[in-house]
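J.: Sharing a structure below in structure tokens format, with a few things to ask.
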Amino acid sequence: MRLLERMRKEWFMIGIVLAIAGAKLEPSIGMNGGPLKPEITVSYIAVATIFFNSGLSLNTEELTSALVHIKLHLFIQIFTLAFFPAAVWLFLQLLSITPINEWLLKGLQTVGCMPPPVSSAVILTKAVGGNEAAAIFNSAFGSFLGIVVTPLLLLLFLGSSSSVPFTSIFSQLFMTVVVPLVIGQIVRRYIKDWLERKQPPFGAVSSSVLLMIIYTTFCDTFSNPSIDLDKFSLLLVLFIICSIQLSFMLLTFIYSTRNNSGFTPADTVAVMFCSTHKSLTLGIPMLKIVFAGHEYLSLISVPLLIYHPVQILLGSVLVPTIKSWMVSRQKGVKLMRPTV
């Protein structure tokens, strides 16, 4: 099962490259007003499909066992949806004097505002042997919380109350995000046994729809001759993303391993991955809604498209190191316990 998940993620990365390349070759197909009619098929149908699929696949019945660890959940959610975006905002004040493309910098801010992903943090926590129940709870709860908090953070850091249509944004969010998600959860209650028996390819469905969203977003970019993305800015953004990811993983590690933190080594693993990972599946549709019709939407989306594979790659590389640390720490705890 883990091998299939890994293969799916690798194919998805290839799919992103092909989607962007296809948009570059013939942008007129997926641009607004083009044959695909993304202003309808993507803005409404595709986004609603992703969240209905999420509602069907989210196994909220398994989360009750993790509810009691309130301190752990509070730390992860506050770090993800408060400290992360605020820290990125402060960092971007320094970067604003550099020659980096301003829309890529705004894209870095959107990364900070995103909720945790539903899958990658859980998969990596499980691979290490960490607190999987806590990872599942915080990924699912963070996704639900992000539906409300993320658009507010995006408007706080990137929008202004005079120019951003709050009512239309939240009505569209409600109809294309909340309603499909709730319907998916209701349908799941009635077909739960069938879903567990057949195990439909939820990940493949979401990935396919997401690739369509990415394709049409970049079609809009390449159809606009005034947009120019320089390689220097792109490379710097890649370096910044790697630095942010590693720095925040180190920060959460240091905090959660303090003597009085109250977290076990298994908890630390969940904290490191859940606090620093960001959702592409939920993020891109939200950007599509909040910045609908924005000519620089695709440039704003680029850092999130980079952050997604970077978090998976870095996490996969660090799995053996984190696992050996956790095992040795757990052995040390057992040896320190007095024998009766």
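Yeah, the Cβs are placed from backbone N, Cα and C, and that goes for glycine too.
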J.: To which of the residue ranges 103-122, 203-222 does TrEMBL assign the term transmembrane segment?
T.: 203-222
J.: Under 8 Å, at least 3 Cβ pairs, sequence separation 6 or more: does that hold for the transmembrane segment (41-60) versus the transmembrane segment (234-255)?
T.: no
J.: Taking the transmembrane segment (72-92) as the reference, which of 135-158, 170-191, 234-255, 296-319 gives the largest number of Cβ pairs under 8 angstroms?
T.: 135-158
